[in-house]
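Everything below concerns the one structure shown next.
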Amino acid sequence: MSHLGCYTCWGVPECCWLWPCLAHRHAQVSFFAFVGDDLQLCILIFVGQNGSTYYNTAALVSCVQSFPERRGPVVGILKGFVGLSGAIWTQIIAMIKIPDQASLIFIIAVGPAMVSFALMFIIRPVESYRQSRSSDDSGFMFIYSICLLLAAYLMGVLLLENMLDLDQSIITLFPVILIILILLPIIVPILLVLFSDPKSPDEEALLEPPMLAATKSMHVVEEISTTSSAKHVVNEKHPNLEVHTLSEGPRDVFRFQARLWQAVTTAVKKIKRKNGPHRGEDFTLSQAMAKADFWIMFFSLVMGAGSGLTVINNMGQICQSLGDDNVNVYISVISISNFLGRVAGGYFSEVIVRNFAYPRIVALAVIQAMMSLGLSYYALGLVGQIYVVAISTGFGYGAHWSIALAAASELFGLKNFGTLYNFLTVASPTGSLFLSGVVASTIYDYYAEQQAKHRMMQTYGASTNLAMPYVTGNNELLLCEGNICFSLTCAVLAFVCLFAAALSLIIVHRTKRFYGQLYGKTRT
């Protein structure tokens, strides 16, 4: 991330100003003199929280541009660690023994910034490493193994901490082992530097990524098919250009060929600007927004990822409605499942495109169908319904981001991938805003109000009309109990996920030929 220094400036100052506010020293600092303290605090939290977007964008775009032949695993691993970062920070903070919340804010402000400043000149797009190498498979498999080991270790630690009263020395040992596991993947680049056979710069310059070569050759055929249009433009721009015969001499023929090639190249560029880029070429955000593929993918994410985020946001109320107090356990299960979904989504979608030359989005359709089954299981009120819905939605929500983002980079190019990536991430809160804020909350409030009225009827009898406004207006009394509170919501979300899977299959049908040409040629 050669440009990460400016990114850290977004999160660090805001958190550093927030720290004295929480430490009751905000009179000494004034970030916005023209607003009140409450609004100033909200602005600082907003800007500081969204600083993570810059970290994600810089790391993801740099690595995808460095490994375009392995974009599925790259996106899956990076997004997986983003999903697991909360659990990792929890273990590290438990080892440090932070005395108060103000100190916690200060560590959150300074800790990531120190790591970013240390790595900002190291992590960047590596132009010379665009060619796939035989060592890539073993390297990624080693990192995948570390990811699975890390997820299993965190799950075991969380279960032990919830079930047993551990000594402080053991609690301190857990983060030390965790940090060692996180640093293990650095073995891969060290081994590559020490034992790989480096190619000369001239040889590297001659190598072209197979996917890029396949994309170029695929669109050259399409451009050649527009010869009649090119001929029209050539005649329009060069009306006096006539075909010379070989009798005029080799020098005249060579001059004529150069002029003809320049005219045809200009004509093809003009046609390309008029028609816009093709699939696999570099799109700007405005160009991508003019394509049906982009919006179909966006609304598939709105429905699929929005459904998963709705369940995650309401997990506390789901446990409360069923009388289960193990909310922390289920949140941990969702976090681990989210991580595994991101890693597995990147891996298996890469297997689909590499081995079968089939659209990557088909994996997203399968994931959305799996989420629909998990939500239907909860709606039916079967045994272990919270575990099933937590695992299925956590896994599915995580897989959305590794699959969809890798597919977007294939369909719309890598040049403006950062802009496209951040626009697509808006789909998740957009879906949750409607599904959670309108659907889930309305259904929950309705059944909670009905149960509150029923309890009042049983307690005070039938003549309780005067008490009804007080009961319905007091949010503390509007607590819903039983499976009915979220069964209808999960049934609605199950149908929404099925519709999202149908949209994903539409993209599969539209891009089947493109993936066949792109990855079919890379397999030969």
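For all residues, glycine too, the Cβ spot is worked out from N, Cα and C.
TrEMBL annotations: computationally assigned, not manually curated.
Copied over from TrEMBL, here are the features:
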{"type": "DOMAIN", "residues": "40-190", "note": "domain 'Nodulin-like'"}
{"type": "TRANSMEM", "residues": "74-96", "note": "transmembrane segment"}
{"type": "TRANSMEM", "residues": "102-122", "note": "transmembrane segment"}
{"type": "TRANSMEM", "residues": "142-160", "note": "transmembrane segment"}
{"type": "TRANSMEM", "residues": "172-195", "note": "transmembrane segment"}
{"type": "DOMAIN", "residues": "289-461", "note": "domain 'NFD4 C-terminal'"}
{"type": "TRANSMEM", "residues": "294-315", "note": "transmembrane segment"}
{"type": "TRANSMEM", "residues": "327-349", "note": "transmembrane segment"}
{"type": "TRANSMEM", "residues": "361-380", "note": "transmembrane segment"}
{"type": "TRANSMEM", "residues": "386-408", "note": "transmembrane segment"}
{"type": "TRANSMEM", "residues": "420-444", "note": "transmembrane segment"}
{"type": "TRANSMEM", "residues": "486-508", "note": "transmembrane segment"}
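A Cβ distance under 8 Å defines the sequence-distant neighbours of the transmembrane segment (361-380), meaning residues of its chain 6+ beyond its ends; these are 297, 300, 303-304, 307-308, 311, 341, 345, 348-349, 352, 386, 388-389, 391-393, 395-397, 399-400, 403-404, 407, 486-488, 490-491, 493-495, 497-498, 500-501, 504-505, 507-508, 511. Among the listed stretches 142-160, 294-315, 327-349, the one sharing the most Cβ pairs under 8 Å with the transmembrane segment (486-508) is 294-315. Residues 288, 327, 330-331, 334, 361, 364, 367-368, 371, 375, 389-390, 393-394, 396-397, 400-401, 404, 407-408, 411-412, 423-424, 427-432, 434-436, 439-440, 444, 486, 489-490, 493, 496-497, 499-501, 503-504, 506-507, 510 of the same chain lie 6 or more positions beyond the ends of the transmembrane segment (294-315) yet place their CB under 8 Å from a CB of it. Remote same-chain residues near the transmembrane segment (172-195) are listed as 88, 91-92, 94-95, 135, 139, 142-143, 146, 149-150, 153-154, 157 (criterion: CB distance under 8 Å, separation of at least six residues from the stretch ends).
Per-residue pLDDT, averaged over the domain 'NFD4 C-terminal' (289-461), rounds to 91.
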